[in-house]
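Chemist: Below you'll find the structure I mean.
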Amino acid sequence: MSLKSERRGIHVDQSELLCKKGCGYYGNPAWQGFCSKCWREEYHKARQKQIQEDWELAERLQREEEEAFASSQSSQGAQSLTFSKFEEKKTNEKTRKVTTVKKFFSASSRVGAKKAEIQEAKAPSPSINRQTSIETDRVSKEFIEFLKTFHKTGQEIYKQTKLFLEAMHYKRDLSIEEQSECTQDFYQNVAERMQTRGKVPPERVEKIMDQIEKYIMTRLYKYVFCPETTDDEKKDLAIQKRIRALHWVTPQMLCVPVNEEIPEVSDMVVKAITDIIEMDSKRVPRDKLACITKCSKHIFNAIKITKNEPASADDFLPTLIYIVLKGNPPRLQSNIQYITRFCNPSRLMTGEDGYYFTNLCCAVAFIEKLDAQSLNLSQEDFDRYMSGQTSPRKQESENWSPDACLGVKQMYKNLDLLSQLNERQERIMNEAKKLEKDLIDWTDGIAKEVQDIVEKYPLEIRPPNQSVAAIDSENVENDKLPPPLQPQVYAG
């Protein structure tokens, strides 16, 4: 993809983000500008062409061998192995290396493959010797619970997924490109089976494929991310060194339409950097893409707040380059390669995830090829900045003033905020102490009033009257009763 740098800033024609074959999907530098679908077609064509050339070479060598054999009568009995057998053996070895997803779902091939695999490797199957990590167990449980809602279709998907993981366990010696091809074939085959046989709606197919990707890549991550057989780590170190060497690049040089003096914009920039750094902590390609998407949306929000209008593509790419330079994400190339190799290809070909990922690839390519002309600098200044002899930031510091330095302005603003917070805290503490004193005084006053009342009106407890009723007693004071009620004594 060609990147153009003009005085008004970095510009990328949006058509250059698309597949160069003209299919309408997003292309990728790792696929030589093709989309996933077209790249696979071109790759298979080149592969078939190479196989055909090897076949023709083998036939030519066989003819030469036969001619030499016919001309040499003395060596007829000594030669026990003809070149045809050698050719057959070579062809069988090539055929064995061709891995397609049909091998994973064909019953006959599974039986034969398992026998050969058992003989070649004695390691236990990952379905038996499962990883015990908490994350893997959690993802497995979530995947099983998710498939339960699909009943018979879910059982078939789970069976196919387990077979795929078992097959991949014995294919770790293959190159990372061949393992990637196996994974992409598996994605494509499962999606086609659900759409044709299962009659599953496209939106549900997408959700199922997301869960399948999450399940299998969580298990395969430590084997296929930045493997030792590739130069991914070397590329990571190279891009990190390159970004550190470009630490002097300012937003003005890239024509970044973002004003970090605005607090909301500064927060968005920090969030964007955090998101793109967080990408390395994710294990699933879809989750890594989600970090790129969140980073990009924060960039668009920062531009929108600064310009008070929606951001354009010409505004987005320079800002993304600036975020990458400022954040220097860890293992950037490894993450890009991992997403390219093992993400569900439909995500990279269409949608906002594919668009943002393609722009990130463009940003990395721009950083790798960045020169004086790209930044509208003279070659002399560019060389001085790269060598560390001087820096544009040093030149700005010569005319330093508190109002001109963004960092110092932010520092004074923060100090003012701290001073205000300190005053508020002192007021709150004084009011809290006053409230505490009032509560103590109120409690003491209530206690004193209660004590005064108790002393003034003491509580006396008297024993109950134990006297019995004396109605028939002679000691009753009858004289106090009215005459009709006075008892009369009769002589008996």
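Using N, Cα and C of the backbone, Cβ positions are placed for all residues, glycine too.
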Chemist: Per Swiss-Prot, which of 66-85, 166-185, 226-245, 326-345 is region 'Disordered'?
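Modeler: That would be 66-85, the stretch labelled region 'Disordered' in Swiss-Prot.
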Chemist: Examine the ranges 13-47, 188-222, 398-432 and name the one recorded by Swiss-Prot as zinc finger.
Modeler: 13-47
Chemist: Kindly assign LYS171 (N6-acetyllysine) to one of the three DSSP-derived states: helix, strand or coil.
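Modeler: In three-state terms, LYS171 (N6-acetyllysine) counts as coil.
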Chemist: Using other CB atoms within 10 angstroms as the count, which residue among the modified residues LYS152, LYS171 scores least?
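Modeler: The modified residues LYS152, LYS171 were compared, and LYS152 has the fewest Cβ atoms within 10 Å.
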Chemist: Expressed to the nearest Å, what is the distance separating LYS152 (N6-acetyllysine) and LYS171 (N6-acetyllysine) at their Cα atoms?
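Modeler: Each residue's Cα considered, LYS152 (N6-acetyllysine) and LYS171 (N6-acetyllysine) end up 29 Å apart.
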Chemist: What does DSSP say about LYS152 (N6-acetyllysine): helix, strand or coil?
Modeler: helix
Chemist: DSSP-wise, what's the residue breakdown of the domain 'VPS9' (233-376) into helix, strand and coil?
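Modeler: Output for the domain 'VPS9' (233-376) reads 112 helix, 0 strand, 32 coil.
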